[in-house]
Each structure stands twice: as structure tokens, then as C-alpha cells.
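S.K.: A single structure is presented below for examination.
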Amino acid sequence: MRLHGDVSDDEEEGAVMDPALLSSSSPPAGAAAAAASRLVVGYALTKKKVKSFLQPKLLLLARKKGISFIPIDETRPLSEQGPFDIILHKKTSKEWQRFLEDYHEVHPEVTVLDPPNAIEHLNNRQSMLEEVADLNLSSFYEEVCTPRQLVIMKDPSSIPTAVAMAGLTLPLVAKPLVVDGTSKSHELSLAYDEASLPMLDPPLVLQEFVNHGGILFKVYIIGEAIQVVRRFSLPDVNTYDLLNNVGIYRLPRVSCAAASADHADLDPRIAELPPRPLLEKLGRELRGRLGLRLFNIDMIRELGANDRYYIIDINYFPGYGKMPGYEHIFTDFLQSLGQNKYQRCLSGG
């Protein structure tokens, strides 16, 4: 998803290696104990996601750590495949959800990353930010909130009146209501004037644009691990822009590599990362509320207000392949899940 310039993390490039070629290899001779503790991860991902996520560096490190990635054949019952220790997926269809729930009822010992009903919560831009409004971060000086927004379901001609009644201030970022993984769901626009609002195409969410120094903080969550990177976003909007721009501006799709701002020469007040304690608290709160372990948060800091942050999007299973060192963090996470399962077995849980 892209915030103010919406940087998609799933537009990945790179070499493709068949996971089965690495995962099916036999363990070294004499490694019976390692073989017995081998972690089998079944995955159900799109071809695009396989290419971006299952990169050679991840597969090679996983092999060294005794982790196998096995593709799931969605045309066959899950009970005929595996056995799996973990199921990793990014599927949201009702058919797949029933498929997975039926399997998990019979095999509750298998860890599912993540529950389909929890993922579904993030496929709607209205519901994805609801949990943020109720966050309790009172122990911090920083304020975390969401931009004021309005949901428009139909009738574009009613948008100007709805915006006026809601008291929203132009310019507005227009985002499709549904996030379904298609390119259309990432098509964002910036509306400068009231007269152009009927040109928008509902259903959509309108968010107030917040000046943020043109920098977005992308906070990756993998279990309890947190990593944050800087990305370039849209430039700030000033009075001159508002007086001299009219119409609807389609926001360009910027590649992740080109949008990285981690090594740019930035004003330190803009480049400063959000405080680590705040991110850790935010991660814990959202993991519990969302019921997810694989997601990222798009945050901005309001220009001139160093203690006020806005969460503008939350994405399930984002483009981890662009996160520095993701292969180490992700394999450590999978190993921790395997160890937890082993300990439960020992305790009879």
C-alpha cells in the first residue's frame, strides 16, 4: 500500500529460485537429530509473492537452519499434504478460509500465519485503522493517531457535501476502500479542490493530507521483531499549492528501491526515526488487537510537531524482501515458533 505517494512493497525484482529444489534436499549424513527437528513450512502465495519473498538468500539460510519451504497445492486437500509445522499464506478468499479453518480444526498443532479472519480486517481501509483509535499509549509523550477520514460508498456527486459536513480540510488523499492485492487497490489520488471531488470513483476513503516533510516511516513487524526504514513520500503542500492547483492528481507508483531515504541527506529533524520504546509498545498493542504477527505500519510525523505521529496504513505480509536483513529476522522468527511448539509437546500442551 502507499501512503501519500503509496509505496508498494510487493513490487519486487530479483532472481527466482525454486524453493522445492532447496527444501527437498536430504540433510547431511549423520544428522538424524537435525532431520528429526526439521521445520516444515507450507506456503500458499501468489507467484508474485513467491518471487519477492522466497529469494535465494532466504532459502539458503533457511536450509542451513533446518527449515523447509514446501508449496501447497490448493487443488488438493491439505490433509493429503505435509505434514506441516507452519502454514504461511497470503490468501483471503472465502473458499481458502474454509479450506484452512477445516484443516486447523483437525490439526490445531499447526501454526497458521496468520488467521484468515484477522487478515481480512486489513483488507478494508475503514476497518484497518479502527484499532489505532483505541490504542493506549498514555505512558509516552508522543501522540499516535490517524488522519481524519471519511468513507464514501457511492454517489460521487454527494462527496462535496459529505466532506463539508465531516469538516475535512483539503487537500484530501483518496484511497480505494478495498485492498485486494490488485494494482487498482493501490491507485491513490490527491484532490485539491471541492469542485473536483465528484470526479472520484467510490467506494473509497478520503484522508486529510498531513504535511510530514516528505518522509514516511515503514515499520516492519515479524513476531516480536521490529525494524523501521525511511521512504520518500509526497512533498508537503503549502498555501501556494492550494491556490494554484485544481483537480485530481493521480499519485505515481514509485518503486521501493527508488523511494528509499535511509541514506539521503535529510534535515535531522525530519530524518529522526520514531522512538524505539514507542515502536515496541505500538507493535505489542497492534499484534494483540489485530491478532497478526506479520504486518507493517506506515507512519508519518507531522511537520513541526515532533511528538505527533499518524498511522496511515497497515499492511499484512508486506514486501519483506526489501527489508535489510529480512532473511535472518524471518528465519529466527520461524525457529522460535518451532521451539515453542516443541516445548508445548514436552509439556503435554
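Each residue, glycine too, has its Cβ placed from N, Cα and C.
The 1D-myo-inositol 1,3,4-trisphosphate binding site annotation in TrEMBL covers Lys49, Lys90, His186, Lys218, Asn315, Gly319. Annotation comment: TrEMBL describes Arg125, Lys175, 207-218, Ser233 as ATP binding site. Look at TrEMBL and you will find Asp298, Asp313 tagged as Mg(2+) 1 binding site. Summarising the annotation, TrEMBL assigns Mg(2+) 2 binding site to Asp313, Asn315. Among the features that TrEMBL reports, domain 'Inositol-tetrakisphosphate 1-kinase N-terminal' is placed at 40-119. Look at TrEMBL and you will find 141-335 tagged as domain 'Inositol 1,3,4-trisphosphate 5/6-kinase ATP-grasp'.
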S.K.: Spatially, which candidate from the binding-site residues Lys49, Lys90, His186, Gly319 is nearest to Phe217 (ATP binding site), comparing Cα atoms?
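M.R.: Result for Phe217 (ATP binding site): the nearest of the binding-site residues is Gly319.
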S.K.: Looking at the binding-site residues listed here (Lys49, Lys90, His186, Asp313, Gly319), whose Cα lies nearest to that of Asn211 (ATP binding site)?
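M.R.: For Asn211 (ATP binding site), the spatially nearest of the binding-site residues is Asp313.
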S.K.: Could you give the number of helix, strand and coil residues in the domain 'Inositol-tetrakisphosphate 1-kinase N-terminal' (40-119) as assigned by DSSP?
M.R.: 36 helix, 17 strand, 27 coil
S.K.: I need the CA-to-CA distance for Gly213 (ATP binding site) versus Asp298 (Mg(2+) 1 binding site), whole Å please.
M.R.: 15
S.K.: Would you mind checking how many other C-beta atoms are within 10 angstroms of the C-beta on Asp313 (Mg(2+) 1 binding site)?
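M.R.: So the number of other Cβ atoms within 10 Å of Asp313 (Mg(2+) 1 binding site) is 25.
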S.K.: Below 8 Å Cβ to Cβ and six or more residues apart, same chain only. Which residues does that give for Gln207 (ATP binding site)?
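M.R.: The list for Gln207 (ATP binding site) reads Pro147, Arg148, Gln149, Leu172, Val173, Lys175, Ile312, given in order along the sequence.
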S.K.: May I ask which of the binding-site residues Phe209, Ile215, Ser233, Asp298, Asp313 is closest to His186 (1D-myo-inositol 1,3,4-trisphosphate binding site) if we compare their C-alpha atoms?
M.R.: Asp313
S.K.: In Å, rounded, how far does the Cα of Lys49 (1D-myo-inositol 1,3,4-trisphosphate binding site) sit from the Cα of Phe209 (ATP binding site)?
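M.R.: Given the Cα positions, Lys49 (1D-myo-inositol 1,3,4-trisphosphate binding site) is 30 Å from Phe209 (ATP binding site).
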S.K.: Reported as an integer number of Å, what is the Cα distance between Lys90 (1D-myo-inositol 1,3,4-trisphosphate binding site) and Arg125 (ATP binding site)?
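M.R.: Pair distance, Cα basis, whole Å: 17 Å.
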S.K.: Restricting to the domain 'Inositol-tetrakisphosphate 1-kinase N-terminal' (40-119), report the mean pLDDT as a whole number.
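M.R.: Per the prediction, mean pLDDT sits at 93 for the domain 'Inositol-tetrakisphosphate 1-kinase N-terminal' (40-119).
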S.K.: Per residue, counting other C-beta atoms within 10 angstroms of the C-beta, which of the binding-site residues Gly213, Gly319 reaches the highest number?
M.R.: Gly319
S.K.: For the C-alpha pair, I'd like the distance in angstrom between Gly319 (1D-myo-inositol 1,3,4-trisphosphate binding site) and Asp298 (Mg(2+) 1 binding site), rounded off.
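M.R.: Gly319 (1D-myo-inositol 1,3,4-trisphosphate binding site) and Asp298 (Mg(2+) 1 binding site) have their Cα atoms 13 Å apart.
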S.K.: Let's check the environment of Lys218 (1D-myo-inositol 1,3,4-trisphosphate binding site): how many other CB atoms sit within 10 Å of its CB?
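M.R.: Other Cβ atoms within 10 Å of Lys218 (1D-myo-inositol 1,3,4-trisphosphate binding site): 25.
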S.K.: Could you check which of the binding-site residues (Lys218, Asp298, Asp313, Asn315) sits closest to Arg125 (ATP binding site), going Cα to Cα?
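M.R.: Closest candidate to Arg125 (ATP binding site), judged by Cα separation, is Asp313.
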S.K.: Here are some binding-site residues: Asn211, Ser233, Asn315. Which one has the most Cβ atoms within 10 Å of its Cβ?
M.R.: Ser233
